[in-house]
Amino acid sequence: MRGASHLQILLLLVLGTRMQECAACGQPRMSSRIVGGRDAQDGEWPWQTSIQHRGAHVCGGSLIAPQWVLTAGHCFPRRVWPSEYSVLLGALSLDVRSSHELLVPVLRVLLPPDYSEDEARGDLALLQLRHPVSLSTRIQPVCLPAPGSHPPPGSPCWVTGWGSLSPGVPLPKGRPLQGVRVPLLDSRACDRLYHVGANVPQGERIVLPGNLCAGYRRGHKDACQGDSGGPLTCMESGHWVLVGVVSWGKGCALPNRPGVYTNVAKYSPWIQARLSL
């Protein structure tokens, strides 16, 4: 009986730890009220990061663990030197420094085994930071989706980043973090939209099964240049979940050309395996 009691206590401790780990992600202190194309509030998207090459912003990213950031593979050249990259965390504006910010060097850049920049396949990159970061109200990880999970089409999600407002139109002075609410689209329906006006046979996929889409058929709201690698997050059971990573699109917010994202749930097993090494 004593052995059984110890086992029960151990199980409760393990389950409690896992529940704490779950509760520690995807729950910013500031609730989101961004509906479309407005400045983010301080602490609203605490997992948002800026991937920087020699001090210049190149892509967005998401903190998924104290020492790991998820972004897009195409943000890096075929031969990458991690020492040239760093990750900015806790920032609300790229041009206005804050005492809450952290700039951490990148130790390693890991790509999925099926990554292909030419085919926009497996467009993810895991960045291991040189050291774990201390979490705060402005620096928090986002939750990863369960492997193979599929949020229903129409789910309201948010894409955030420091990208251009439209092609050739940069952010205003200070470069504040932006966010826009976009609905999820079925990947096959999205593929049909991309065939409209395209000289591509209907049987040939443009949007691959490993992708998902978000946006409006009429356009108007979308990610843009500089948002690549950034998060597409959806609220699930009271937690923000990293459903997609900004991958590619035709222009920005054009009709029949919604934003295309890498489906994070498809790569959750690979991500979790890397994090546990």
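Here the Cβ of each residue, glycine as well, is placed from N, Cα and C on the backbone.
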Identify which of Cys75, Cys143, Cys157 is listed by Swiss-Prot as the disulfide partner of Cys234. Cys157
Using Cα coordinates, what distance in whole Å links Cys59 (disulfide bond) and Asp123 (active site, charge relay system)? 13
The rounded CA-CA distance in Å from Cys234 (disulfide bond) to Asp123 (active site, charge relay system) is 20
Cβ proximity for Cys157 (disulfide bond), under 8 A, sequence spacing 6+, ordered by residue number, returns Pro151, Arg181, Val182, Pro183, Leu184, Ala214, Leu232, Thr233, Cys234, Val243, Gly244
Round to a whole number and give the Cα-to-Cα distance in Å for the pair Cys213 (disulfide bond) and Ser228 (active site, charge relay system). 14
Between Ser228 (active site, charge relay system) and Asp123 (active site, charge relay system), the C-alpha gap once rounded to whole angstrom: 10
